[in-house]
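Structure, as structure tokens:
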Amino acid sequence: MEEQLAAVLRDADQFQPASHAPGSPPFAATGPGTMSEQEIRRREKEQFVSGLTGTSMEEVHRVMLVAVFSYLALKLIIHQFGHGSSYLARVPRPIRWLLEFAFLVAVPNAAVLWPDLLAHRATICAMFGLLVAVAYPRPGSLARMPPSHAHMKEWTRQLNDRVKPAVTVYRALMMSLTCFAILAVDFHVFPRRFAKTEVFGTSLMDIGVGCFVFSQGLTVGLKQGSTSASTPSVWASIRRGWPLWLLGLGRVISVKGLDYQEHVSEYGVHWNFFFTLAALGPIVVFLDRWVRWSDAPMAAMLLIDYEVLLAKGLQHYVLTAPRTNLISANREGLTSLFGYVAIFLAARHVGRTLASPLPTVTAWRRLLFRTLAPQIALTAAALWVARTAFLTDVSRRLCNAPFVLWTVAVNAGMVALLVLVDAVVFTDSATAAIEVADAVNANGLVVFLGANLATGAVNMVVDTLRVPDAAAVAVLSAYMSSVVLVALGMYRMRWIVKF
């Protein structure tokens, strides 16, 4: 592994800027044949996100825990003010949106920018203690009274709903953090340790890619349920994914045509994440039709086979081979499909586990602790074995077994915690809906596409590497506000675009 990493870093050194005078931009040169200012900025931005090694798993987990606690705080507010006369229901809609935006968008994103403050161990413990103190009913309060039969029936109905509030919030949180990070990473205010790693390591943006795939598989599992639905043909799946293929092609053409900065080692010269999303459907359909295993064993089998291939020389090829043809030029994107399919299958298994209706709220709590929690613990144990016994570190670029296991354990754990919040804090049906989450979730791919276009526009207009931190925060705040407002506008006008 050390030799392969050294080879990759030697290749990266070819793009390192030469020493330059203080205050002058990297890559600056004089004389005939010098690069244009646009070319200099492009290379600076590429170098800004290259050669990074990430952070600890624990810090990533703490940032994601802030999002869970933020949702719990929002639920407690809705629970406190959403009963009876429903004061919250009389609050003007924009104020309700602002409240939801603060807890589901602003706070989690702030934890990304200032993790030493908002995601510190002491802060996490203080958040948990404060929320428990607020949630614990005081003697003589109405909350001490047992829930009525009608409340318990409504509570169970919400948990059994195929469109589960916790899953909607999970997908909205993941989309919000993803949209935020793809622009924030281009500013100095974004911690470098949270940007994507070059080869091995863990970071927030690394797991963000896996979160996106996990959320897709989770949604499919919830829709299909525990019953075996009819499987479409591979060709039908390819045709159904034509918008994603078109978006991927459009990104390639625009990046190359506009000379936009790109990190080639992420997916390859031409491949991008839209192509990965488009390819997942046909591959999963093929496995469903011809392998016919349940999701968890099929994901495990695929992961083991992929690890054998990596050990037999595929890893060396992916990390060091020259880009001499179309396959080798896009080897990262093509080979990582093994891992992303495994993530999708594992997520579909979790979705199917949550899809079955249960008779009581207590049964839902039992499902979380007796079924999901042991499965998450088993996945975490497998991750520990892969990293210690087999000396294989996490690599998003390879999408290897440690990366897949880490992604599945973290996302399944986060979904379980969000469902647990819904199974512990009851909210009246009149005020239970969280419209910001519903809006972002309803047009998720359109929101993601719009965020990508906005990110490109900002980078074309603004020299992000020379923007002060305060100005960067202002730009990011306006950007995320616009993303959410567009999503809300489409949702209110019932413009739902399905892919």
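Cβ from N, Cα, C; glycine included.
Computed from a predicted structure; not experimentally measured.
As recorded in TrEMBL, the features of this protein are as follows:
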REGION    16-36  region 'Disordered'
TRANSMEM  63-82  transmembrane segment
TRANSMEM  94-112  transmembrane segment
TRANSMEM  169-190  transmembrane segment
TRANSMEM  269-287  transmembrane segment
TRANSMEM  367-391  transmembrane segment
TRANSMEM  403-427  transmembrane segment
TRANSMEM  439-458  transmembrane segment
TRANSMEM  470-491  transmembrane segment
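Outside the transmembrane segment (403-427) by six or more residues, the chain places 57, 60-61, 64, 67-68, 71-72, 75-76, 78-79, 82, 135, 147, 151, 155, 158-159, 164-167, 169-170, 202, 206-207, 210-211, 213-215, 218, 303, 339, 342-343, 346-347, 350, 354, 361, 364-365, 368, 372-373, 375-376, 379-380, 382-383, 386, 394-396 with a CB less than 8 A from a CB of the stretch. Listed as Cβ neighbours of the transmembrane segment (439-458) (distance under 8 Å, sequence separation of 6 or more from its ends, same chain) are residues 168, 171-172, 175-176, 178-179, 182-183, 186, 243-244, 247, 251, 254, 258, 260, 464, 475, 479, 482-484, 486-488, 490-492, 495-497, 499. Touching of the transmembrane segment (94-112) and the transmembrane segment (367-391) is ruled out by the presence of fewer than three CB pairs under 8 A, sequence neighbours closer than 6 excluded. Residues of the same chain lying 6 or more positions beyond the ends of the transmembrane segment (470-491) and with a Cβ under 8 Å from any Cβ of it are 97, 101, 105-106, 109, 113, 176, 179-180, 183-184, 187-189, 435-436, 438-440, 442-443, 446-447, 450-451, 454, 458, 462, 464, 497. Within the chain carrying the transmembrane segment (63-82), a Cβ under 8 angstroms from the stretch's Cβ atoms is held by residues 88-89, 99-100, 103-104, 107-108, 111-112, 115, 118-119, 124, 127-128, 131, 134-135, 169, 173, 177, 194, 204, 410, 414, 417-418, 421-422, 425-428, 430-432, 434, all 6 or more beyond its ends.
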